[in-house]
Every structure is written in structure tokens, then in C-alpha cells.
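Q: What TrEMBL shows for this protein is this:
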type     : residues : note
TRANSMEM : 29-49    : transmembrane segment
TRANSMEM : 167-185  : transmembrane segment
TRANSMEM : 200-220  : transmembrane segment
TRANSMEM : 227-245  : transmembrane segment
TRANSMEM : 257-283  : transmembrane segment
TRANSMEM : 295-313  : transmembrane segment
TRANSMEM : 325-343  : transmembrane segment
TRANSMEM : 350-373  : transmembrane segment
TRANSMEM : 379-400  : transmembrane segment
DOMAIN   : 443-545  : domain 'HTH araC/xylS-type'
């Protein structure tokens, strides 16, 4: 994109009334998402405790894979499940469950829901009147259309209407067989659960689309590479959430058996590379924390290598552990690096620190769950999806703050545009100040500056100044450029520096960083640069000189 296109983007962004409306829209949407997630949490809490029938089953772990339904009676011993979840820690064994079909708990028409989305192969063998078994299949090894309950989000079975006193059996085989509960739902409970979870999934999708548009806008308008990586991060995390909690692949690609088992780990791996690249550029680790920068580069490479490994191997357990260990190292590393950068004077990353603090909390709960250290919990399963939304929400406002100085640069851009336009049309167009008393407006401008001190607001721009003195933007720009021989930025900064000198001289206890913010500068670096340009020395040297004098 050429510079004129970028200037147009920047001008539209800083003047368009849609921007504040967008902020209001984001707040409203966040409240809606929060309501949906609270509903999801309450709904699943209720089901987890009231509909959990995991301990109604006995189990047998078949490490040899020699047992099938024809010789199931040869199993020497069945063990009763004691807790509210089953946990087999990524075992490669076949797991058999059994329960009495005559048990009043298992009413005909009820739905058995296995609360872990990525189970490869589950078979239900239910006894029939012919003293044999009807077989029902579900799981990622089968096209969604052939599942026993194709409309279910999790692998599920409807209990057949076959009156019998015999045992029914369930065989589970999955490379991701970790802790999860088994629920027994009535038809209305089953439909309500689908509705709430689908609403949460769509809210994630809509919210992420808004963030993606904003990220692309930042990439194109400001030519900031970090937002290119942030866009990839948003896409991969959205796809991960929709794969983990939604039904998108089953709906749009129902026969993608090969892809269904790999999608979650693939998107997590690519997300690692993109998020770490974004973090490196966003926190400027290459110059501020070089050692951390090298670590993040290495971890990003591990993420991309893992993504390739997930696609071309079947070692899901190995790559799952690699990804989780990568997050274990990176989350505190990035959080501590952010704190260090914050203490170096970059106060605007406060929301970034907040989002990573939430990641620290939710992330570790989930990581320990995936590593088999802790058992199934609602926070472990749904926490990352909720934290992802908070991360987007907080980062949105952080981006508006951190790059506010780019919006302020609009003043100099407008001045350049008007100056160029004036030079081109000088032979044909009269001065914009020809028919006005410019001395009157100069006095009005000076009086406004001295009495109101608008320059203390870092968001002060040419448009606000024009409104204050009663001229249009072109007239105000020409007034300052032609009559005062200064650019708008230089004119405003002259007042800021004059104010800063007084504070540095009269208030020695106030830090240089505080002086910068109090006088309208957006960062310590820009304050130091403008102060030295004006006085020839840094603010700190100026203060030392005043003490000597």
C-alpha cells in the first residue's frame, strides 16, 4: 500500500464517528458474550453435578486389544469407576465400560453424552431380543453424518428401547483419552445444551471477526507488521475454539475424518508461532529484552514445527505435551517481560499485562488438565475460550491507547497535505486567510493556549484547535504555518516544553516520566526527543543544571 493510501486510512480512522461507536459496540458485545458464557457455565455446572452418571459404570482396560464384543464375557475382572470422571492419561489401550440395561438410571430415549469433543472411536453395544448386540458408532474416526447422533456436539448415543436385564457395553479407543465425565441427558436438556454451546461458539466467531477486521486495518493503515501476526493469531484461536467447542468442521466438511483428529492441535501450534511473533514486535523485545526475544523466536519455531508434525504423524500425545510445555514456559516469560517493559516507561501496555495475567490463571489450569496432572473441571475446559474473549477485549482498548500517538500524527499529515495542495494551487487559488483578520485569530489562539492549556491533552489535534478558535482546518493550518512559521506539532510542543520546564524546575520530586504525561506527551521517548530538539539537552540534564544554578 502506498503512503497516500495509508494517510487516507489514518485520516478516516481519526475523524470518522464510527470509531467511538465501535467502542460502544464492543462494550455491548462483551456484555452479551459475558452473559452467554455465564449461562454456559451455569448450564454445564448443573449438568456436571445433576446428570453425571460416570460412576454408574464398571470398566476394563484392554492393553492387548484382543477383546471384542464376541468374547467380552472372557474379561476376568471389572472395576467400578469411583469418581465423577474417567481418566486414562492418553492410554493406547481399548477401554471397555459396562452397565446393566435394566438400571432405572438408563431410561430408554435418554442420551449418553461423552464430554470430550475429540474422542476417536466409541462404540455402543446394546443387547437386543435375539441375544446379540446392536452396534452404534460415533467419534472422529467416522464422518459426522454417520454418527449415532449426528446433531450432537460431543460424541453421544441415544439409549435404545430394548427391554433387557443384560449388560450393555461401550468401547472407547482414542489417542486423546483424558479425564472427562459421562452425562445422561433428557431430550430437552440435550437440546438446551446444544443451544447454549452453539450461542457461545457463534459469539466467539462474531467477536473474532470484528477483531480480525481491526487487525487488518491496523496492518494496512499503519503498516505495523505485528498486526499481521495478530490477525493470524485471531484466526487460529477462533478456529481452535470452534473446533474444540463448536461444530463447524462437521457442518461444512462432514467427511473430513483425517482433518477432524488433527485440527485442534494444528491450530494451537500455528497460534503459538503467530502469537509469539506478535508479542516480540508489540513489546519490542529485540531492542528492550534481547534474551527474551531469542527465546520467543525459538518457541515460535517449535510451534510451527509441531504444526507440521501434527499433519504428517499420528503422535498426538507427544505434540500435545510439546504444545502444553511451550505454553508453560511462555506464559510467565511474556508476563514478566511485559512487566519489565511497563516499568521501563511503556505504561500503555497495562491491558496487555491484564490479558496475559488472565492467561496465566486460565492457561495453567487447562495445561495441567491436558498433561493429566489434574482432573476434568469446567474451568479447565471452558476457561481458555472465555480468556480468549477477554484477551481480545482488553487488547482492543490497549491498541487504541498504545497507538494513539499514530492518530496524533494526523496533524502533521494534514499539514503536509494542505501545504502540498496550497503549493500546487498557489497560482490559481487565493490564501484562505485573505478575507479574515488573522491577527484577531492569532490572539484568540494564544489566549486559548494560555488560559485553557489544551496542549496538556495528548489527543489535541488540528481539528479540535480549529473548532476552538472558529476557523476551518485549512485556515488554522495556514495561520500557524504562514504567520508563526511553525508546524502545528511544533507549535503545540513549544507550549508543552515550556510547561515541562516549569515542573522540572519547581517540582524536583516529580519523575521525568510523570512530567511527560502531565504535559501531554504520549511517551517518555517522544518527550525526551522533543525536549532535546528544543533546548539542546535532555529533561534530566535540564533538571540537574537547574540544581547547579
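Glycine is treated like the rest: Cβ placed from N, Cα and C.
Note that the structure is a prediction, hence the values are computed from the model and not measured.
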Q: With pairs 6 or more apart in sequence, are the transmembrane segment (350-373) and the transmembrane segment (200-220) linked by at least 3 Cβ pairs under 8 Å?
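A: Output no: the transmembrane segment (350-373) is apart from the transmembrane segment (200-220).
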Q: Would you report the average pLDDT that the model assigns to the domain 'HTH araC/xylS-type' (443-545)?
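A: The answer is 87, the mean pLDDT of the model over that range.
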Q: Going by DSSP, how much of the domain 'HTH araC/xylS-type' (443-545) is helix, how much is strand and how much is coil, in residues?
A: 77 helix, 0 strand, 26 coil
